[in-house]
Structure formats: structure tokens, C-alpha cells
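Annotated features in TrEMBL:
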DOMAIN    1-107  domain '6-phosphogluconate dehydrogenase NADP-binding'
DOMAIN    137-246  domain '3-hydroxyisobutyrate dehydrogenase-like NAD-binding'
ACT_SITE  Lys139  active site
COMPBIAS  240-249  compositional bias 'Basic and acidic residues'
REGION    240-262  region 'Disordered'
COMPBIAS  251-262  compositional bias 'Polar residues'
Amino acid sequence: MGFQMAGNVRKKMEGSATLHIFDVNRAACQQFAEKFCDFGSIRIASSSKEVANDSPTVISMVPMDQHCRTVYLDHETGVIAARADPNRLILECSTISITTTQEIDQDPLAQRVKDVVGWMGAAERINFCGFLGARLVNKVVNNYIGLCNLAVAAQGMAVGVRHGMDKETLYRCIKGSSGDSWVLDFSQPVPGIIVRSTSSNGFRPGFTPCLCLKDISLAIKAAQEVGINATMGETALKEYEKADQDPRTTGEFSSYPANHDV
């Protein structure tokens, strides 16, 4: 999972409990342990198997399907190789294909799940989605809508500014009208409007364009599986492919190329 989200887990766990962490990037693990050790013990493990052996609760969040399979299904280093424990709670939180999650298959235990997931963010915003893979359906659809929305917002803002509109006036007009969306505040693509936005802070690295391509591709695949032609997603995919290759685009998805010209 992300550095700060993992930090939230350490902060909200009981101080006497040990947080066991594993990542292929050993330097990131060391940096994490140094930054958050004041909140409680942090132990860097050598494999997913070791984490599972030492932990009653396992949380995983990795970029791609193949990474998730390695974390769980590798017979030497994966969670499947850990000693059996019927009480171990496993929360797989990656944005991957629905079929891969169903392949890995764990049954959720409602209250324990809510308690642990609450460490990562706001517990009151947790929703139980139902059948196995349902939370991924929700996440894939949500990211699909959000990423398509960002591309439209970036292009729309660029059109308005190039026609001579003051960017802050344009923002206020859209905020009070039907074009308003979460993106305009939390991933505002135009620098200098929202102080806390990544665009106003040099497009500091975060959710990369490469991950955008992965998420939109997952949504298109999910749509095809149920007979829906995801034409908006196919168009957005082409835009993010261009963005991923554009030298002006940083390691942050809101650094959409159109924003550099407004």
C-alpha cells in the first residue's frame, strides 16, 4: 500500500503491537520503519510468508495481478506457504482484475474487517459490497469514472483558459454548476487554484499515469465481460497512453499534458 496509508495503519494500531512489513523495495521499508517507529514496533520481513507467519492480520495492496498472485500463491514465499491458521484475517485491497481476486478467494468477517480497514482511513465510510469480488467491481468502476472525469476536466479547463477565462473564475462557475465533481477539488488539474492539490505543488509524484492505464484497462475488460462497450474508457485509455509518453507528465496522474499549457 502507499507509504502514508501504511503509516496510518501503524499510527492507529495498538502501540504494543508489532507491524510486520514486506515490500520488494527494501529501501522503502527501511525508510518507513525509520519514519514511523515512534508509533510502535515495526519489523521488516523477508517475504509474504514471513509476514503471514508472524501476523494474525494480513493486509496486501500491490499494483498488478501478477504481484498479487506472487504475494499469495507462491509456494515458497507466498502467504499460501505460511503455517495454517484458521483465525488469520486476510484483507486483499489491491486494484486488480475481479477474476484474480476470486481465484485467491478469502471469506470476509465483517466486524474484524471493519476494525482493520478503519486503520487505513475513515471507518464510517466503509461499505460492505456483498459477494466475493464485489469491492473490486466497485473500485474498478469508481476509478474508471474518476479517471475519465479527470481527462474531461483537464481538457475543459484548458479550453476555458485558452479562450481568456480567468482560471479561478472558471473554477467557481463550474463548481456552482452541473460540471462540478470531486476531481475539481481533490485532483484539480490546473495549478494555482487549489493550494493543496498536486498541480499546485509541482505535480509531486503520486498515482502514476501507468496505474491509470492499468485501472482503465481493468474497467474495459470488466465491461466486456458483461457485454458493455466501454467507448468512453477506450477514448480515455488513448489519452492516458499519450500522457504516459509525454515528457511533461510527471509521476502523478493529474499532470495531464493539457494542464501544462494553461
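These residue numbers are counts, starting from 1, taken along the chain as shown.
Cβ atoms are placed via backbone N, Cα and C, with glycine included.
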Kindly state the mean pLDDT of the domain '3-hydroxyisobutyrate dehydrogenase-like NAD-binding' (137-246) in the predicted structure.
-> 90
Under a three-state DSSP reduction, the secondary structure at Lys139 (active site) is helix
Could you count the residues of the compositional bias 'Basic and acidic residues' (240-249) that DSSP puts in helix, in strand and in coil?
-> 6 helix, 0 strand, 4 coil
